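Undergrad: Next up is a structure, given as structure tokens.
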Amino acid sequence: MDSGNGTGRFFRTESGAGLALISPTAIYALLMLAAPLGAILLYSVFKDGYLEIIREFTLANYIEAWTNELYRQVMIRSLFVSLSVTVVTVLLAFPVAYFVSFHVAPSRKSLWLFLITIPFWTSYLIRVFLWKVILGYNGVVNSGLLWTGIIDEPLQWINYNVGAVVTTLAHAYAPFAILPIFVALEKIDRSLLEAGQDLGESKFRTFLRVTLPLAMPGVVASVLIVFIPTIGDYVTPQLIGGPEGRMVANLIQLQILKLDNYPLGSAIAVSAMAIVTAISLLFLLMTRRYLKGPK
Amino acid sequence: MFKGGWFKLYALVYLTFLYAPIILLPLFAFNDATVIAFPLSGFTTHWFTEMLADPTLKQAVKNSLIIAVSSAVIATTLGIFASRASTRYEFPAKGGIMGLIMLPLVLPEIIVAVSLLVVLLGLGVNLSILTVILGHVLICTPFTIAILSSAFQSLDKSLEEAAYDLGETPASTFRLIILPLVMPGIISSLLISFTISLDEFIIAFFLAGTEPTLPVYIFSQFRFPSAVPVIMALGTILVCLSILLLTIAEIFRRRGIAKSGGKDTGGFL
């Protein structure tokens, strides 16, 4: 690609060479990602006929997706779960990122990051299933508490509910939250912190007024990188959530694979993405003042 | 330092939370009981022998390996193009193009799965191993770019210019100078994509048709409580395998950064 076969002067210019070189990947993304995303947008305004899709414009799918009580409940629950997971994950992750960035010797930082990322890469399905084992009726938590005599009978409220889904997802997305915060903390010029303390600020006040604002780009990145994918998680609500814990991905799967209603499934998917995008943009707007400034 | 001590304690507790499920896995894989619960009842390797005897599992493993190897090779190739282009050249709409390519990193996988399914069925394509590869390449490519960009980024441009001055063509420069320097990054990216593809469930669930991959098989087995101990045995092997692959990938990633003279800034993501 970048060998310049002499067919065009354009490919020898900086932008020509760059575009030529990126074109295989870009074309793949256009065909396999942009076009399919366009397609579900299109399907979402088609009519669902029996065994076929009628190519006529309609907003009925969206009206159904937004007014049907069941769908609305699932959507609200999904948002609630993703927001809780995001808050829990980012709050728990921040001190870990802070510890690795500020208290670990530089030579050992990679080792810590490696240890943090390993569980993330190991069989997602089996990890989720094991949370069921941990939180289940006869699970690790219950048998542990029974054995120590803290409780007399197994706790019911820790399994098959929204709380169990939040715990499992917070576990699954932990590295995603730690790494962006870590990168932001690493970029902070340590002399700024010394300056803060030299000027008479306490350690805690220095943290609040110097470290935290400078770490905000990382916090914002981890919020988004946790919030956006969690809303579409299928496995955790399916295995852990029980009937009361189903989320939007389960609904999409039901419409598309079980009921063969592609237009409604697409409309639900598009609606979910629209809501997530709107919330993300709002969040970016709210945190805008932290994201500006010198790089 | 006292303050650092508290942070360290917290970080260790956090690591325990991260590793809790993985530590439990071998306990149940070797436990002589069909119910996955405490107390443990005794040691057995029965679940491992039962696992090896399952023909459906063998087929699923074979499908998964074909998919993972193909996805890793294709995604890494596409990743090389994109990361070389984005680190070396300035071109119009760079941000937009890179944004689109990196989008699967944040896009929920179910959206990728559903949209691909709709298009493929619309075009009349039969679902098979091939369609799963199409989807997996899409989600692996952003990860390969993340790894390869840091390899290409730390490349010294003067090495390349020296090669041109000595009469090499751009193609031979790429082969003789650049490729060897980024090779550790390429190996690391192949291993990561392989691991991602091997573990990916939802896209395979939508696009595999009648040819289940390993995660699709595992998911189907969760419905049968009696099949679960075998899955625990399988999971133990998978976890060991992915830790091994990741360790190799990490070694190569670090070696690559050291080789091209860059500074190690952290993990894979």
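Just so it is clear, glycine is given a Cβ too, placed from its N, Cα and C backbone atoms.
Automatic, uncurated: that is what TrEMBL annotation is.
Grabbed the feature section from TrEMBL, which reads as follows:
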type	residues	note
TRANSMEM	B:12-30	transmembrane segment
TRANSMEM	B:36-53	transmembrane segment
DOMAIN	B:61-249	domain 'ABC transmembrane type-1'
TRANSMEM	B:65-85	transmembrane segment
TRANSMEM	B:97-123	transmembrane segment
TRANSMEM	B:130-152	transmembrane segment
TRANSMEM	B:172-194	transmembrane segment
TRANSMEM	B:201-220	transmembrane segment
TRANSMEM	B:226-249	transmembrane segment
Undergrad: State the non-local partners of the transmembrane segment (B:226-249) in its own chain: residues 6+ outside its ends, Cβ under 8 Å from one of its Cβ atoms.
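TA: Distal contacts: 22, 25-26, 28-29, 31, 33-34, 36, 47-48, 50-51, 54, 57, 187-188, 191-192, 194-195, 198-199, 214, 218, 268.
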Undergrad: So, do the transmembrane segment (B:130-152) and the transmembrane segment (B:201-220) meet, by the test of 3 or more Cβ pairs under 8 Å (sequence gap 6 or more)?
TA: yes
Undergrad: Could you pull out which residues elsewhere in the chain have a CB under 8 Å from any CB of the transmembrane segment (B:65-85), counting only those six or more residues past its ends?
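TA: Residues 91, 98, 101, 129, 132-133, 136-137, 140-141, 143-145, 147-149, 151-152, 178, 182, 186, 189-191, 193-195, 197-198, 204, 213.
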Undergrad: Residues sitting near the transmembrane segment (B:201-220): Cβ under 8 Å, six or more positions beyond its termini, same chain?
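TA: Hits for the transmembrane segment (B:201-220): 56-57, 59-61, 63-64, 67, 109-110, 112-114, 116-117, 120, 126-129, 131-132, 134-136, 139, 231, 234-235, 238.
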Undergrad: By Cβ distance under 8 Å, which residues at least 6 away from the ends of the transmembrane segment (B:97-123) in the same chain are close to it?
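TA: For the transmembrane segment (B:97-123), the nonlocal Cβ contacts are 82, 86, 131, 134-135, 138-139, 141-143, 145, 200, 202-203, 205-207.
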Undergrad: Using a Cβ-Cβ cut-off of under 8 Å, list the residues of the same chain that are 6+ residues beyond the ends of the transmembrane segment (B:172-194) and lie near it.
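TA: Distant Cβ neighbours of the transmembrane segment (B:172-194) are 68-69, 71-73, 75-76, 79-80, 84, 140, 143-144, 147-148, 150-152, 155, 159-160, 163-164, 245-246, 248-250, 252-253, 255-257, 259-260, 268.
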